[in-house]
Amino acid sequence: MPSNYYTFRNSVPWLILFLETVFIILFYFLFVGDGPSKSSISYPAFQDVNHMVIFGFGFFLTFLKRYGFSSPGFNLLLVVLGVQCSVLIEGLLVLFLQVTIEDGLKRITKAAVSMIAVVISTGAVLGKTNPVQLIVMTVVEIIVFHMNKWINNIFLQVPDNISMMHVHLFGAYFGLAVSSRFSEPSPRSEKNASTSKSDLFSMLGTLFLWMFWPSFNSVLAVNGKRRAIYNTYFALAASAVTAFVLSVLTTKDGKFRMTHIRSAVLAGGVAVGYAAHSIEHPWIAMILGLLASVIAVLGSWCLQRCLYPALKLHDASGVHLAFGLPAVLGALAQVVLLVINNWTNLPRLGYLVLIQIGAFCLTVSIALITGFITG
């Protein structure tokens, strides 16, 4: 133990200090002035996203007893470093691409949204990585995510608010790719165990994420913010009800399992994120939430027994079920809704569908390749 503490003391503080020094220098030379004062994002909306990233995901990751108290602290450290890195990357895009300067509140909100990808990936590797590895993964993932968003915006002409919603997809598959490079802890390992206290704190984080998810899906929407809010709420409600039903039906003792509920109650909000601002009828969002919850609960039985052992994957907190697969469902639902809304304009319809599928495939491919290299 003393040697581990000695290594921690001589690596982590200096790495953090080095990064912060680099950030301050780059902010001095590269950070451009504030844009127009009138913003489409209110401060309460930014607060909601900030609560999600810091408090919600901080406690969502407390499911392991060995990391129950340190996970919120590590999460805060990664978030504050990642937000600064994300704002700097946006500043570089403004400098080199001569794009329109956005106001400071919108830039920091987009930076907080992009950090969702990192905290999701952290859930896949928690218990197998040390703080130095988590910090390096954060910096690399933020840079690669912005590269992916830039390609989607410039070459595929995907709207900025839609490309930012790829955080679930990117974070889940980047984390799984990184996790594949680590050995799986034994089932009886202390690193892989949880307690009733750690599960309770994790469920507290899930509740906070559930409450603030409508703000997350609507904060960057250009049009239809109110529509995005109530569509997200109905999708979350349907996924929560379905999670409790399926949890009872799929367990041998007929009781609720918090591992099912913790993953499935958020699946509806993830699935509806791409099209929440454009769905006209709430029943469509409710169907998406129901399907996402079904995938999350039933997928845990299939993947953990069949696919994960074959591919030697270990998903510590079930991010693939809670965020990855629902995001895939949401991307497919967006294509279906696009076909329904534009079926009278067949020449343009093929182009729109191809662009959306291309953006989805590009995001997954970049996440898997760069995650594997990072791991």
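Along the chain as shown, residues are numbered 1 onward.
Yeah, the Cβs are placed from backbone N, Cα and C, and that goes for glycine too.
No curator has checked TrEMBL annotations; they are predicted automatically.
Taken from TrEMBL as is:
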TRANSMEM  12-31  transmembrane segment
DOMAIN    32-374  domain 'Ammonium transporter AmtB-like'
TRANSMEM  43-64  transmembrane segment
TRANSMEM  76-96  transmembrane segment
TRANSMEM  108-127  transmembrane segment
TRANSMEM  134-151  transmembrane segment
TRANSMEM  200-216  transmembrane segment
TRANSMEM  228-249  transmembrane segment
TRANSMEM  283-303  transmembrane segment
TRANSMEM  323-343  transmembrane segment
TRANSMEM  349-373  transmembrane segment
Contacting positions for the transmembrane segment (200-216) when only residues 6+ beyond its ends and CB under 8 Å are counted: 45, 48-49, 51-52, 55-63, 68, 113, 116, 194, 228-230, 232-233, 236, 240, 258, 261-262, 265-266, 269, 273
Contact yes or no, the transmembrane segment (134-151) and the transmembrane segment (349-373), 3+ Cβ pairs under 8 Å, gap 6+: yes
For the transmembrane segment (76-96), sequence-distant contacts whose Cβ falls under 8 Å of one of its Cβ atoms, 6 or more beyond its ends: 16, 19-20, 23, 26-27, 30-32, 53-54, 58, 102, 107-108, 110-112, 114-115, 118-119, 122, 131, 134-135, 138-139, 142-143, 146, 150
Beyond the flanks of the transmembrane segment (323-343) by 6 or more, those residues with Cβ under 8 Å of it: 120, 166, 168-169, 171-173, 176, 266-268, 270-275, 278-279, 284, 288, 291-292, 295-296, 299, 349, 352-353, 356-357, 360
Distant-in-sequence neighbours of the transmembrane segment (12-31), which means Cβ under 8 A and at least six residues beyond its ends: 77, 81, 84-85, 87-88, 91-92, 95, 131-132, 135, 139
